[in-house]
Amino acid sequence: MKLSDLKLKLTLLTDDHELDALYAAETRVGARKLIDSRRRAIAREREQRINYNLASQFENQYKDEIICGIDEVGRGPLAGPVVACAVILEDNHYYPGLTDSKKLSRSKRQSLETLLLESVSDYAIGIASIEEIDAINIYEASKLAMQRAVEALKVKPSVLLIDAMQLNTGLIEEAIIKGDERSVSISAASVLAKEYRDRMMADYDQQYPGYGFADNAGYGTKKHLEAIERLGITPIHRVTFEPVKSKMLHE
């Protein structure tokens, strides 16, 4: 069998015994490398499935309900709004590798975003502005963004799985510590919110060049802090956050 044919055949195999038999029958170094590579891929796939099942425990607990996962991004930055997403996953969902958006590479987040937007039952984005953050504080602004996301859904949920927060909606709510790791619904919301906000900050980077918003998403990186000293603050900076607040007082 040609190596190209073996490679194709291996994509159809998932049984360890069949792989062992193939390996034992092969003497070619290239063929054995292909079999070893397939073994590793199967092991990764199994681990991903186990992790996904572990992160679906809250969803399984409410399997007869319409479950909505909610998360926000943008609490810590010095600039830009806070963005929340509410998402209702489709039945029998499976997104290999889905976890907290902060633990994913940009390319993985983007590929997951594409899959989610093609498949989810419903999702909505909620935003709290820079002005609202400064007026009511970041915690309350995060809640406001989450509430707006839930209210914007076309499909009305009966259960809310929320990353470490209560919204007091009157629906069943689970405030889950580290929810963006422990619930696939919240993980999905974190990915969609992160990608949405990153695009917003890339647009702001065009409006306010020099601060590196496309790269730092408004967080206080060295480049960003140096730009604040050199260029001053912009309309999207949070004036209640340090060192922006001190910069305002000295201007």
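In case you wondered, yes, glycine gets a Cβ from its N, Cα and C as well.
According to TrEMBL, the protein has these features:
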BINDING   Asp71, Glu72, Asp163  divalent metal cation binding site
DOMAIN    65-251  domain 'RNase H type-2'
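Everything TrEMBL records as a feature, shown here on the structure.
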residue	record	Cβ within 10 Å
Asp71	divalent metal cation binding site	32
Glu72	divalent metal cation binding site	29
Asp163	divalent metal cation binding site	25
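Under DSSP, Asp163 (divalent metal cation binding site) is assigned to a strand (E or B) in the three-state scheme.
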